[in-house]
Amino acid sequence: MCCRQCIPAHAHIVVERCMPALILPVLAGVDARCLLGVRRAAHQVYLPAHIPGTCVGRELRGSALRVRSYVCTSMRCTEGYVPIPEAAKEESSFGINGTGQKTFTYPVNQAYNYFHPDRLPPALQAYAEVTYFTAEQLANFFGFQDDNVRNQVEHILSLVANHRRFCDAPTAYEPFDLLPSTGVHSLHARLFENYRGWCKTLNVQPKFTPTRGGGARRGGSSSGGGGSAFATPTNQQDEVSSLMTDVMLYMCVWGEAANLRHMPESLCFLYHKMMQEFLVHRDATGEQAALYAGYFLDHVVTPIWEVVLRHHKVKGDHVKARNYDDFNEFFWSPACLKYSYRDIDQDAVPMSAASALSKGYGPPPTLPVVPVHKALVRAPKTFLEKRSLLSAVLTFNRILEFHIVTFYLCGMYAFGDLLVWDAPYMLQMLSSVFIIINLLGLCWCMLEVWQAFPGINISGTAKAGFLVRLGTRFLVLVYQSLYFMWSVETESDKAGMVMQGPPLYWWWQYLWLSAVIMFSYFVEGFFQIVPWLTTYVCTRDNDYVNAFLNLCFPLSRLYVGKAVHESLRNALKYAFFWSTLLAWKIWFSYQYEVRILISPTIEIFDDYVNFPDQSFVRVFSLIVLRWVPQAFIYLIDTSIWFACWSAIAGSVIGFQKRLGEVRDFATMRAAFMRIPEEFCSKRQIAARFLEVRTQKWAAFAAVWNEVINKMRESDVISNEERDMLKFHKFVGFMKPVYLPIFQTAGSVERAVHTMADEAWELCCWFLRHLLGPLHESEIGRVEATVSSWLASGDVMANVRLEKMPSVMADATAIVSILHAALPKRSISFGLRRASSTSGLSELQTASTSDGSRGSGSSGGGGDFIVAAEAPLSVRHGNLRPRSAVTAIPDKTRDQVRVCAREVVIGDGVRKVRDKLRPLLNNIRGMMKSAVGDAGAVQDLLSFVLSMEQGFMWDDAYATARLDRLSEHALTKSILSKLYGLLAIQAGDAEPASPEARRRLTFFVNSLFMDMPRAPQLANMLSWSCVTPYYSEDVLYGRKDLEKRNEDGLSMLMYLQALYKHDWHNFLERNGISDEQQIWSKKHFQELRLWASMRAQTLSRTVEGMMYYEAALRLLALLEKVPQEQVEALIRRKFQFVVSCQVYGRMKKIQDPKADDIDRLLKRYENLRIAYIDELPGNPVIGEGKPENQNHALIFTRGEHVQAIDMNQEGYFEEAIKMRCLLQEFLRKRDPPTTIVGFREHIFTGSVSSLANYMALQELSFVTIGQRVLDDPLRIRMHYGHPDLFDKVFFMTRGGMSKASKGINLSEDIFAGYNNTIRGGQVVFCEYAQVGKGRDVGMQQIYKFEAKLAQGAAEQSLSRDVNRLGARLDFFRLVSFYFGGLGYYIGNFITIVTIVFVVYFMLALSVFQAEKIGERKITPEGTLQMLLAGMGVLNTLPMLATLMVEKGLRAALITVGQVFVSGGPMYFMFHIQTRAHYFYQTLLAGGAQYRATGRGFVTHHSSFDDLYRFFATSHFYLGFELGVALVIMAFMTSAHQYFGRTWSLWLACVSFLFAPFWFNPLSFEWGKCMDDYRRWVRWMSGTGGSSSNSWDVWWREENLYVSKFGLGQKLQCMLKPAFYLVVGPRISTRATRLPGKLLISTAVFYGGVYLMVTEYEYIRIAIGLYYVISAVGSVSVLLGFEGIRHAYHIHDFILGNIMFLVLFIFAALQLPKNVQTWLLFHNALSQGVVIEDILKYARRTQEQSKSEDVDDTAILKKYLRTQSKSEDVDDTAVLKKYLRTQGKSWCKFTDQLSPAIPSTARSAKNPGCCSMNTSGRSEHCKNYLEVKQSLGSAESEAAGLVVCLLAERAHLLTIIMATRLG
């Protein structure tokens, strides 16, 4: 064990695939030792396997490692392997028993992942031989793990096979003039792009394997330097082998690098040094080296990993710990190249290994032997993440500078305008801004020095640059001030230097001096307009330019951030956006924020000048304090205008993209006829399948029907809705497919005009089969005539269309009668007697089966509603008599005829005739002419009507025809089709589910949007989905579904109410008539799936993502891909890996979630689960989620990776478009596209108002917000899932996310930062979507917002944001700021402004400073209107989003509902949430992942729970503001109190009562009483956890204060200082008896009396409150524990005040009903009966209470009859019993609480009761105390319960056993 201390987690890292009878752990391994094999049942059996295709095979024999190697000898890898000589390898026992090997030995189990090496698909066979040979060679030389190499071999073969599409087209990663001749060339170019840049920065030659001829390869240098640019055919094979060597080495290093994958340049270093060694060794010796498998892990990865781990775990803030970025940036310096990449130097190697090294198996003696991990230990930090608001100021200094300068210019111009300055003087005053600019530049330079010192090793050049910049700016500032001062002095003031010239001379001197400083600003301004110039300068290889940049722009020395630019066209677009916005902002702010302060300022200063008793300090303070709120608003109102401009631009772009073109079923029907053309124009299927228009319809119909089938399988629609939505297919008919019923339903006239041929063909078939063979000839001729008119367009010339309504009415009537009656007709031997003969409607039938659901993978690519046509002879009238068709005896036939004749006499057939006769007559009347074809039609129809033996007159014949029609296979389908065409209204044909309507309309709308043309499947880009999973729900079990909350609601009941339509569809699909059957074995698993698919579970995510596989399978079928190639093609193009890092641990402890994961593996064969079996060491160094993603990435095979979170789902119709979405990576852009983002739909929006707010907020952000950030602003980042990544780009640049602890809490967004700063580009597409769940409860949303705010605070300290702030051009920077971090900073400034305004107005009223002299009072009402008005404008993006996609009316209704239901309170509440956690994290840190839970919040949260959540962040501030506003109301002398304070009161009320408004049943009287009792018990509790005691909670809430430094404490003391100033003033103003203050505080009751009798004493109490608050705040900051008693009293008072309001609302009853309706109005609109849920909750709660009483009585009865026995642990049995009854332990013990004296109450806690027989006497005393104090039989029984609970007696076990038995 001593040799394995602090090594990386030697883990079993396994990807599992599922087979029907076993689970096969496959292809594992990589970060550490991997155990592979076949796991059967509950144990693992390790079976060594000789699997062709693996590069190295090793098998354990005892303690020795015998090496057996195999090399592929066939290109197709089907002949097996021939082992090469092992003589050299048997010598290589180096490290096995010596000091070199640190890892344990293990059995080798060679298994494959996706492709068996003996049965590789043709696409993977091309380079298999060279890949296996190269893998073996490198694995032996460097000692890579076998499983790692096998993993990367398959990985590389997959990538190369998918890269072969680039063989005929240039790529963005190659030089302009080069074409990749093979997939290997393309992969090599992309894989080593970052490495080439790294070599260029370090000024070293890239190390690539040269060809055997010694020349260099094209597209990159070899170790020898230059060479031919193109490879000739003669040496192409050698070139491919050399390229494959490079690729294989890098991929093996990457695959085994573990946590080092977060350090991309460290991988470049390792590759560079290892390739250098490999080339030297090969050229020098040519011998085959072999190191043990694991050498690379032991001696390369592990030493570096240990250093990284040790410095990550350093206690302290970021400045004391080194993270991944610090270590990675060590490799940005050429100094790193002097170190060895491994930890063994030659002197430390044992003699047995030294001989091996001397033969070339180790580093040559000429290479450096100092290991790099020792250098990393001494390396300093490269960036200091100082925890201060100044870090954010430095990052966004240009934005702050812009606001300060423009605010100064507006103020100066306003003064000049009011004071009527002339133009020269105005210009001179405005020129003073140059001093401000230089002063700000000096401040920024000082902040740069502050940020860099101490701790960063800065070069001498950089230090000199700081000194030069500081000295120059300071010197210029001094002279600027002097020159400007002299330029404004009058002639009488001249003295000294001023006498050297007139004021104009000094002003010109000032201007020339300012020009020196401003020159750099002018140059920088030009570069902002043309951003590529900055990139050009930063990437210039010129010593003079670099020296200048090192002095003036230190960040130019960095490896990253040099190529961050957009094209000139894009730059002009976003420059125009911001120019117009900022121009408007400046004008508006000047008119309504600046000018209004000029007059009061002049008046205050005028009083100071004219009245000598005015204090300068007082006047100056009043002026500054009046300007501060306006300055704050000036800072934050830009975000408001940004929202407005985004709404306008986003709406315009949305309309341009054709968003909202199809927004409902009406518009979908209007566009439906154009869909196949649009669908096939995107080449969703192969071109050879789309030669004619009918084939396009058939192809689209196949896809559409499969979409509908998937909806039915997920129970979104019913069987009837499925049939109305699907295309129909009638075998033998003219058309291949017929339109869905929903499309033809509704307007008959519209249907006839648009689908005339379809309607006529179906009607003719119906008439032909209804009238039978006697009329076949006539009907056939009529059909042929009319069909010819339709084909030639002569219908108008021959038919009177004005009579069409009459014809349609008669046809509709006939179809309706037969549609209702024919399916009920059942014939035995042709016909049987009905129970009554009242007509056709009385005929009995056995209904036919509805058919199976079908699958898109069968039935021709999507199952149609298909029916077979009758034989041709039957169809054309060669109908034989019935006796010839059915072998019915004559006697029976006669009986049947009699029976039929009796039936015909009934009303049914008579009704058919009655409608058929006018139908045929009306058709005759429609003919315009009695001659020609029209006349022939009239004659034929007249003959049909008059024929005596025909249908119209022969009753027996008519009945027989009805019999035959009911038996026909097509009758049901065609009748349904005709019924839908003629009788069903449009609204009735739409699905009832809003989700189905939304998905279908979005799918149809997306087909009309700009979408890249999709290639064929074989040439499409490949991708892999990765989902990190920890311990969330997988599948709901029975316990989860039946578990009830405290209101008595079960999960299943809630889901049934919330998804009512889906539940009925589920019952229908499974044929369940009695809901009790759902728990049967037959239906239980389906029930689990149904419930899990409607929650945020892993199964929902897996189901949605595996639709990609189903979509590929359907498209392969349509493209006619050979069946034997389909599965291999799908595996090559798509993989889904769930990174479940704790799966191994789950299996060991037999967690049911592991079994549920196994069920998913059985359900989806190609699903993979990557997991870690933890051994010594922890693979998670930083944040868990990115480390989990990093672990899973090595098991992906695609060229791209899709990041999918656990709360997302996919849709089949969206999966079909994935090929088009992937093509976005191939669109020509500069820089190239590396991330593709697309939309998310929040599927939890219908749960409640809170969920609706969250959904609307997310909808606005993920649609219009992302749309504008993408175009025109070009600054969209990666904000999470479900974005697609260019995997090769990101695997060589640090991965999909960053993982450093704390600083990378919001890990996803750092992928976007890293992508931008390394030259990538993000695009956003809106023609695709996935579903996403969001938090739905107040506490869940609170934790989510807190996590985001903390993450934003950490981001503002990070190097990524700092470098983006310095490198982006100004317009992209403001986009980056206001579209990201500026949102949180703006929230913080908003709260600061509110608090400042409240206390400023309070101070004015308290100190009687509202008047300016004796002038009229100037209220601050304008300020309130600005604050409120800008808040309303913030809703514009939401309104614009809804307007584009749903229409203006729907948007206004939705936004109106948001306002009415309390939306403003919600949004204001969470502004404070973000501000609180943002500032707290900046001060003290403590950012951490907050698990919000993804379940449904269906219960009422108690008051004490809400108090613990929100007191510190909201209640205290709300109460504080309320007190201040009340004081101001009593003390103000100004009018318009409500007009000045209404928005402030809104904030106050929101902070105090929003949690209760959004908490179900908050105003229920019983709930209020229960909450009050629980809260009092919590306030008086001691010990335990924070949920048991206020004291513990208070300590935990204030723990962060201990992390404060002096600066943070000084910041926090500002408010207490104000309290100390205001408090005494409040208490002493207008008070004539100063001694009353002491009396009122000393005598409590006297104080209460004084406050009641004279209101002035209220001021005394409030003043004292402020003084105590100041003392308390300072005491907390200084760590005085005793002050918590004062806080306890404060919280008790605050809680009672809040309860008073709640009790008043509960007593009124009306607020309860209003709250319930508004809280669930969104669910009510979806058809969810929330009142039923609440009634059920109340009823079950009452029942549970009565059941508790009954249970207690039963327990008492047993207790009276029990006898003494030995002690056993009865508590567990009691708990088990209570669980079976659906009750909780706490409720049971709480019920007995009144009967328990204080001395015995501690016995209620089973955790405190470990008594045995020896302790019985002591607790019997408690029992006697209970008995004596209560004195009744029931009390005695209750006392016995308490006593026995305390003693853990055996008697209670007997009672419970009896009850359970």
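Backbone N, Cα and C define each Cβ position, glycine as well.
Given the ranges 13-32, 633-652, 1633-1652, 1833-1852, the record in TrEMBL names 1633-1652 as transmembrane segment. When each of 1381-1404, 1544-1563, 1658-1680, 1692-1710 is scored by its Cβ pairs under 8 Å to the transmembrane segment (1515-1538), the top-ranked stretch turns out to be 1544-1563. The average pLDDT computed for the domain '1,3-beta-glucan synthase component FKS1-like' (241-344) is 89. Beyond the ends of the transmembrane segment (1381-1404), by six or more residues, the same chain brings 392, 396, 399, 625, 628-629, 632-633, 635-636, 639, 1348-1349, 1352-1353, 1355-1356, 1361, 1410, 1420, 1423, 1427, 1471-1472, 1474-1476, 1478-1479, 1517, 1521, 1524-1525, 1527-1528, 1531-1532, 1540-1541, 1544, 1547, 1618, 1622 to within a C-beta distance below 8 angstroms of the stretch.
Between the transmembrane segment (1544-1563) and the stretches 427-447, 1658-1680, 1692-1710, the greatest number of Cβ pairs separated by less than 8 Å involves 1692-1710.
Helix, strand and coil counts from DSSP across the domain '1,3-beta-glucan synthase component FKS1-like' (241-344) read 74 helix, 1 strand, 29 coil.
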